[in-house]
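Have a look at the structure below, then the notes.
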Amino acid sequence: MGNNVVVLGTQWGDEGKGKIVDLLTERAKYVVRYQGGHNAGHTLVINGEKTVLHLIPSGILRENVTSIIGNGVVLSPAALMKEMKGLEDRGIPVRERLLLSEACPLILDYHVALDVAREKARGAKAIGTTGRGIGPAYEDKVARRGLRVGDLFDKATFADKLKEVMEYHNFQLVNFYKAEAVDYQKVLDDVMAIADILTSMVVDVSDLLDQARQRGDFVMFEGAQGTLLDIDHGTYPYVTSSNTTAGGVATGSGLGPRYVDYVLGIIKAYSTRVGAGPFPTELFDETGEFLCKQGNEFGATTGRRRRTGWLDAVAVRRAVQINSLSGFCLTKLDVLDGLKEVKICVGYRMPDGREVTTTPLAADNWEGIEPIYETMPGWSETTFGVKERSGLPQAALNYIQRIEELTGVPVDIISTGPDRTETMILRDPFDA
């Protein structure tokens, strides 16, 4: 039996993690975010009602689940309050269900200003960040000058620290980026107005999780973005600023690494990517447009159109290696309905003619790569809303089997629609 289950993306994000976390939390006591910030966009559809969460864990919609934001998450007080209000306006009691680590770094206005100024300065070489201050906040954390949730317990000291760090960043904004300085008093006033709300939710997350482990409680760890956006293992520098892989669970929550029991990798039936960066299987033809339209591939956070392409088994195998995946959840299978043929990338042809079956790490080394495809028959029957494996077309079953063969990982869950009811659980991670 797996008490501590990790759910993470195996591609470039947007795989459908939010729905699956929400579904599996029916049995969980706690749901923990361990990395990223409000650059995530987790979409849940419950009884036809759509909810988009950016910062608060997806378990917040469950009455008997406690949601936790761990120390690996960079926390925007403004974004958190906005999201809390949106949920509370719908009658969802967030403050009674949400806990914070006091070690969460804070994202403040100057982080956002730096993020925007840097992207503007990069011009055509822009990374394609969400412009929400995620990277600059992680920079401050590593540089040991960042402000954290726990600093709000001593408001006078917080004000002094804020003044010092803002002098540093405003100097960059004005003198290097030729941008406007951020007003110190406004930042201080905005944070102080909600400081007591934030500190009232603080808990020792590592200790809480250890006690939960000893009691045998079920805990779900919710990843954001995807493996191929990991700061170390992704398509650097076109990556996010945190560890999106399973290793981030221990460092971003305080759970001992030996206590992770099952790692569920969410894999979309095709590939998508938002923003710049390598994407070998990207489609620029009518099939790419079909995938975008049928899959409603527009970012939940930015609204940007996602780039679309065929499933890249080479890249997914890298995710399998890094995360030691226990099983897959295959999402958006129904988007492929109606295609005469479907393709899977099984290797890369390098510019010098060599054929390889592993991914490069640096983005520059992806240039000139051509995907090697395996083509399979498509299916005309609908898979949308199918709730039994036996109800899937044989061609769809063959596609699923081929994914398992190419990756060495079983497909334990199949999603055939956006609602939590449109799901087949072939093997429950909490029972694995």
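Numbers run from 1 along the shown chain.
Backbone N, Cα and C define each Cβ position, glycine as well.
Features reported for this protein in Swiss-Prot:
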type	residues	note
ACT_SITE	ASP14	active site, proton acceptor
ACT_SITE	HIS42	active site, proton donor
BINDING	13-19, 41-43, ARG306, 332-334, 415-417	GTP binding site
BINDING	ASP14, GLY41	Mg(2+) binding site
BINDING	ASP14, GLU15, GLY16, LYS17, ASN39, ALA40, GLY41, HIS42, THR130, ARG144, GLN225, THR240, ARG304	IMP binding site
BINDING	ALA300, THR301, THR302, GLY303, ARG304, ARG305, ARG306	substrate binding site
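Positions of Swiss-Prot features highlighted on the structure.
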| residue | record | DSSP (3 states) |
| --- | --- | --- |
| GLY16 | GTP binding site | coil |
| ASN39 | IMP binding site | coil |
| THR130 | IMP binding site | coil |
| GLN225 | IMP binding site | coil |
| GLY303 | substrate binding site | coil |
| LEU333 | GTP binding site | helix |
| THR416 | GTP binding site | coil |
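Between the CA atoms of GLY16 (GTP binding site) and GLY303 (substrate binding site) there is a gap of 16 Å, rounded to the nearest whole number. Cα of ASN39 (IMP binding site) to Cα of LYS19 (GTP binding site): a distance of 17 Å. Looking only at Cα atoms, ARG306 (substrate binding site) sits nearest to ASP14 among the recorded positions ASP14, THR130, GLN225, LEU333. Within 10 Å of GLN225 (IMP binding site), as judged by C-alpha distances, the binding-site residues found are GLY13; the full candidate list was GLY13, ARG305, LEU333.
Near GLY13 (GTP binding site), with the C-alpha within 10 Å of its C-alpha, lie none of the binding-site residues THR130, GLY303, ARG304, ARG305.
Counting only the Cα atoms, the space from GLY41 (Mg(2+) binding site) to the residue listed as 'active site, proton acceptor' is about 8 angstrom. The number of other CB atoms found within 10 A of the CB of GLY41 (Mg(2+) binding site), across every protein chain shown, is 20. Each of the binding-site residues THR43, THR130, GLN225, THR416 was ranked by the number of other C-beta atoms within 10 Å, and first place falls to GLN225. Of all the recorded positions listed here (ASP14, HIS42, THR130, GLY303, ARG305), ASP14 has the Cα closest to the Cα of LEU333 (GTP binding site).
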